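Before we start, here is the structure in question, set down as structure tokens.
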Amino acid sequence: MALTLLELAHWSTWAVCAVLKLPQLAAVLAAESARGVSTGSLLLELAGFLVFLRYQIYYGYPLQTYLEYPIIIAQDVILLLFILHFNGNKKRALFYGVIFWGGWYMVTLRKWIIDLALNLCTFISAASKLAQLRCLWQTKDSGQVSALTWSMSAYTCATRIFTTIMTTNDL
């Protein structure tokens, strides 16, 4: 049986997301440094992914529309821990964990909060990329930043827009 375009998009998104952060993690580990990798960028990205995941769960969307988010979030948390380790800020991990855990529950206190949070995710995502570019500009060092990770991320964003619209009709 042949896969439909929608099924192919879902499967390819999941497959790419399963390894999305591995090139970035490998670069940081190989260098034993997080120089050029923005902690702020990663925190914004993580916040955006958590809001997307919470939104999908809150509205009861099919698992196939958000299955990759727990995978990406886990990879982001691991990357964040390595960055904090190499930057000598391991104690901040608990602080970030508490903030994200609290935010997970706060965004669903009211329907308008989760809706607003999702609408702000485009700006959060853009801010994340700008923070990373600013970090690269300041450090003049892109050695630990993975172009492959960024390329795979762009692909999964495009496929997820398509699959979400086709599956849930949520623009």
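Glycine too: its Cβ is placed from the backbone N, Cα and C atoms.
What TrEMBL shows for this protein is this:
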type	residues	note
TRANSMEM	12-30	transmembrane segment
TRANSMEM	42-61	transmembrane segment
TRANSMEM	67-86	transmembrane segment
TRANSMEM	93-113	transmembrane segment
Other than its close neighbours in sequence, what residues sit by the transmembrane segment (12-30), given a CB gap under 8 Å and a spacing of at least six beyond its ends?
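Sequence-distant neighbours of the transmembrane segment (12-30): 37, 67-68, 71-72, 75-76, 78-79, 82-83, 86, 143-146, 148-149, 152-153, 155-156, 159-160, 163.
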Near the transmembrane segment (67-86), which same-chain residues lie under 8 Å Cβ to Cβ, leaving out any that are not at least 6 residues past its ends?
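The answer is 13-14, 17-18, 20-22, 24-25, 28-29, 32-34, 37, 39, 42-43, 45-46, 49-50, 52-53, 56, 92-93, 96, 156, 160.
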